[in-house]
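Reading through the structure tokens given below for one structure.
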Amino acid sequence: MANTNICELAYTGDVSQLKKLVEADETLIHKTDDSKRVALHWAALGGSVELTDFLLRRGTFIDVTDDSGWTPLMLASSAGKIDVVKFLLSKKAAVNVMNGTKQSPLHYACSKDHTEIVDLLLNNDANPNTRDNYGATPLHRAASKGNVKVTERLLCDKHINVNLADSEGNTPLHLACMENRVETASLLVKHGAKLNLLNKDEKRPSDVAEAGLCKTLQRLSEK
């Protein structure tokens, strides 16, 4: 049977058929598809805890990477598969692993607005200040997309640095202001984000904010 078929079975959650194939040929768990993903990647992405457990018990490395550096935990975090995320974390999956673009599971969970997964990752020592290839942190992602609950959760983490700048010199507040994300921008200011930091274009967050938002943030900063 083609390698891609076991990956398809893992993704669709066909437990009985996949187990039958693996019991007949143990090497199938290590076979890859065109993206160098093994069955465990697809089981995690599809949300099957049962198959994820089975494949780990059969010897698949929990932090196996595809050709872009994605691990099963990263895929499950991005796809919102909270039960698989819980299970992988309970089995000590690497929480701060980064893929080829230096994005972590937390980056993806924050981008996709998966608040419960963000909470799980942070509670398992995910670094909220990790930077991707563009210098962006998970907070940059959440703030720019207007993901309010995720932003709130990140700001509650004792390790968070609210004023980190990306490769363009933009802080999360710069990005929130650029996108007119009133709620996330307000939260950032309430938690110490500075209105006067310059990016590489010598622009402050207040310079790139719409007039109404700028006034709101000025008031908040004066409290």
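The backbone N, Cα and C atoms fix where each Cβ goes, glycine too.
The repeat 'ANK' feature in TrEMBL is assigned to 35-67, 68-100, 101-133, 134-167, 168-200.
Proximity of distant same-chain residues to the repeat 'ANK' (101-133), defined by a Cβ-Cβ separation under 8 Å and at least 6 residues beyond the stretch ends, is recorded for 68-69, 71, 73-74, 77-80, 82, 85-86, 89, 95, 139, 141-142, 145, 147, 149-150, 153-154, 157, 159-161, 164, 166. Tertiary proximity for the repeat 'ANK' (35-67) is limited to same-chain residues at least six positions away from its ends with a CB under 8 Å from its CB atoms, namely 6-13, 15, 18-19, 22, 26, 28-29, 73, 75-76, 79, 81, 83-84, 87-88, 91-94, 97, 99. Beyond the repeat 'ANK' (168-200), the same-chain residues lying 6 or more positions past its ends with a Cβ under 8 Å from any Cβ of the stretch are 134-135, 137, 139-140, 142-148, 151-152, 155, 160, 162, 206, 208-210, 213-214, 216-218, 220-221.
The DSSP breakdown of the repeat 'ANK' (68-100) into helical (H, G, I), extended (E, B) and coil residues amounts to 17 helix, 0 strand, 16 coil. Taking DSSP states H, G and I as helix and E and B as strand, the repeat 'ANK' (101-133) has 16 helix, 0 strand, 17 coil. Each residue in the repeat 'ANK' (101-133) has a pLDDT score, and their mean in this model is 99.
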